[in-house]
2 protein chains.
Amino acid sequence: MKNNVSIGLLGLGVVGSGVIRLIEDHQEELVHQLGCGVDVKGVLVRNLEKTRDVQVDRSYLTTDPNDVLHNPEIDVIVEVMGGIDEARKYILEAFATRKHVVTANKDLIALHGQELQEAASRNQCDLFYEASVAGGIPILRGLVDGLVSDRIQQVMGIVNGTTNYILTKMNEEGVTYEDALKEAQELGFAEADPTADVEGLDAARKMAILSRLAFSTDVELEDVEVKGIANLELADLQYGKQLGYTMKLIGYSNFHNQHVEVSVQPTFLSNQHPLAAVKNEYNAVYVNGEAVGETMFYGAGAGSLPTATAIMSDVVAVITNMRLGVNGRRFVSPRFKKELTPPEERFGQFYIRMHVKDEVGAFAAISHVFNQMDISFERILQIPRSKTELAEVILITHRTALATFQESMNKLYTLDVVASVESSFRVEGDGKK
Amino acid sequence: MKNNVSIGLLGLGVVGSGVIRLIEDHQEELVHQLGCGVDVKGVLVRNLEKTRDVQVDRSYLTTDPNDVLHNPEIDVIVEVMGGIDEARKYILEAFATRKHVVTANKDLIALHGQELQEAASRNQCDLFYEASVAGGIPILRGLVDGLVSDRIQQVMGIVNGTTNYILTKMNEEGVTYEDALKEAQELGFAEADPTADVEGLDAARKMAILSRLAFSTDVELEDVEVKGIANLELADLQYGKQLGYTMKLIGYSNFHNQHVEVSVQPTFLSNQHPLAAVKNEYNAVYVNGEAVGETMFYGAGAGSLPTATAIMSDVVAVITNMRLGVNGRRFVSPRFKKELTPPEERFGQFYIRMHVKDEVGAFAAISHVFNQMDISFERILQIPRSKTELAEVILITHRTALATFQESMNKLYTLDVVASVESSFRVEGDGKK
């Protein structure tokens, strides 16, 4: 039996406490699988006096990062403090002292992943970050393992639990965005300032990380087109539902002809698509590979113990590598230089809702615009609106290029019969089982 | 750049051809990730003259297993011939000559997994079998990785594509079992002799393998209780649907108080359960861990390329281990001696359909039986049957012990008002999101 391997924690919030709890509860399993125990020998905190809901030896708590980063007994640093600049500095320092790093910090990895990975390799250290995307779902390892003998063509993800909870409430209970957000905040599924979640930024960070690994290309955060859910109207969700679609905040990325396209936007998913059944605060990542076909990974996207589980699977991988003497040797640089897909090569189906003058020839004029652009329709819905002279018209197009769709929209605006275009969304999953 | 690693194939059917195709198509990715190429230097076939739909150098084809098993250039054996006795013999011989083995053979692993794994470890060889369960879904690695810092409490799987296809047709299109089977056979989703699939044996093998890994206990094939779908009546599926449940062939296993319970049986799943949305020939495995909570892995359960993808992920793992010099060192023996759960500790909800005399006090008599046994109901449905004096009564119980439920059933049979109990099924997924 070897000596214990000791880890140092940077941060002791919800996730850090979960890590300590798992290490305590699973000592026996860890010894059985690794041949050695795991303990915690240093924890960086902001406040030494705060009451914690896990038992930690007070002598291991410190407010000085050097006590953890330069403790020679510690082999693995677990970074769960969050934020960018300090976390980056500490992680680079950990590599310099030959410590391995496990982090749950998606903001940091989305922004500086490549730099940190290279620093890790240079020092023969491991840098793992499974917990940074979709909490308890082991999606990053799945992508990297699958990549070698397959070509991933498309990744679609519901990677933000807050927005999925809000959209589920709106869709199933017909409550407004504001009420659903309020309920999510009361239940702890949304933060007091929900901006990063509802504006799609959190999902964008995760999609940057996923796309990087899936397509072996250096996608950056700013390459992700982002649209949030804060302006969604209940009416659109209800029309979509009537037509067989569920509104989800979908992270979409694909790789075709060496071109990569990454976006996060409210999307109507066909109810036939497996992601359409992912409800409440759950996350799921759907991957389409040339050989393997459709796969989907589903689970909790956040929470103390699910996230801590992902961190522990990384810690176990680090320790296994330590025992085999092979740390820092599994990282492979991206194969492809990134090139973004131009709008004329970006294909999709689209939903449009507009207000149209209720008069003879109105629909013919609209059809003519789409006809000219060679766009045909999957679904059409027209509803008279009481109290106005306008009808509500909803169209779902067949697959077409984004550029072509945008041009048609511009032409629609010039039509006399079109009073307003109320909304438009991407549509996915038709024709899939 | 290192020399190529050479593999030898035992068998060149649908899956073997897929492996050859992936190796050819992904040489560049393999070199990029492994630092060396992969080639095929020997293929055991039954018939040298048969026309193949993949290109293989004729000089590598052989009908003599020794040409593959004793070829010193070959490091990794990929067994895709199927069957038990011969495959077992060849694999043991491969270990004796220090070759690593990757197999897709669920029958063999379900029956002799433990013996083969021990032979592999003794010879410092790897034995991997990701492709043996749920084709392209990387579920086995996910279970083993997740096990170290979590306790898996329950595994539920749709692990047979043929039966899931048949049940989807019956449920969604209202066709009979016989017609659905015929359609599945025409489309190649069911074999000419569908016995192993429709009787649940194929699923039982996979559940034995999954349970062994999930609970680290030596579950054997004969520990799995099996009931197939061949006698299902459309009426039950339709009543279930009316009540919010979908009929699926579910592999169910759980581990509680050191007791393990494994079964394969037609089960009504609440439509709220993520497995209920898994349609057609797709497979999915739902895992409930104490820390990670609910997770689900979804994908193609069979097919040439999805299965070949799983095999190649194992081949890549073997080669990575070879390059690091750590083969045969990751296998850990089961932690727990198997003890099966007795019926009084097996809990579930149950669906019963019976024919009841349409007279005053009939339902009171039935209720009284369940009352005595302390079983209450989730749902009750009573329908008069035209042309007879009997009513159809469907009950779904709340959670209760299997032993208690069975005792109530025995009492029901003694009641004058109960003309017949037509069917009963397990019910899962109520109260889950």
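Keep in mind that glycine also has a Cβ here, set from the backbone N, Cα and C atoms.
Any TrEMBL annotation is an automated prediction that lacks curation.
Its Cβ placed at the centre, A:G13 (NADP(+) binding site) has 13 other Cβ atoms within 10 Å. DSSP assigns A:G13 (NADP(+) binding site) to coil in the three-state reduction, placing it in neither a helix nor a strand. Per TrEMBL, the feature NADP(+) binding site maps to A:L10, A:G11, A:L12, A:G13, A:V14, A:V15, A:G16, A:S17.
With a cut-off of 8 Å between CB atoms and residues at least 6 apart in sequence, the same chain places A:Y129, A:S132, A:V133, A:D202, A:R205, A:K206, A:I209 near A:K106 (NADPH binding site), listed in sequence order. Summarising the annotation, TrEMBL assigns NADPH binding site to A:K106.
Among the features that TrEMBL reports, L-homoserine binding site is placed at A:E191. Packing around A:E191 (L-homoserine binding site) is summarised by its Cβ count: 13 other Cβ atoms lie within 10 angstroms of its Cβ, all protein chains included.
DSSP assigns A:K206 (active site, proton donor) to a helix. Among the features that TrEMBL reports, active site, proton donor is placed at A:K206.
The domain 'ACT' annotation in TrEMBL covers A:351-426.
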Between the binding-site residues A:G11, A:G16, whose Cβ has more other Cβ atoms within 10 Å than any of the rest?
A:G16
If you skip the near sequence neighbours and keep only those at least six away, which residues in the chain come within under 8 angstroms of A:V14 (NADP(+) binding site), Cβ to Cβ?
A:S304
Note the Cβ centroid of A:L10, A:G11, A:L12, A:G13, A:V14, A:V15, A:G16, A:S17, the recorded NADP(+) site, then list each other residue of that chain whose Cβ lies within 8 Å of it, in sequence.
A:L9, A:G18, A:V19, A:V80, A:M81
Return the residues near A:V15 (NADP(+) binding site) by Cβ distance under 8 Å, restricted to its own chain and a separation of at least 6 in sequence.
A:V80, A:A104, A:A131, A:S304, A:T307, A:A308, A:I311
Between A:E191 (L-homoserine binding site) and A:L10 (NADP(+) binding site), what C-alpha distance do you get in Å?
22
With the cut-off set at 10 Å between Cβ atoms, which of these binding-site residues ends up with the most neighbours? Options: A:L10, A:L12.
A:L10
When secondary structure is assigned with DSSP, how many helix, strand and coil residues does the domain 'ACT' (A:351-426) contain?
23 helix, 34 strand, 19 coil
What number of additional C-beta atoms lies within 10 angstroms of the C-beta atom of A:K206 (active site, proton donor)?
25
By the DSSP assignment reduced to helix, strand and coil, which category contains A:K106 (NADPH binding site)?
helix
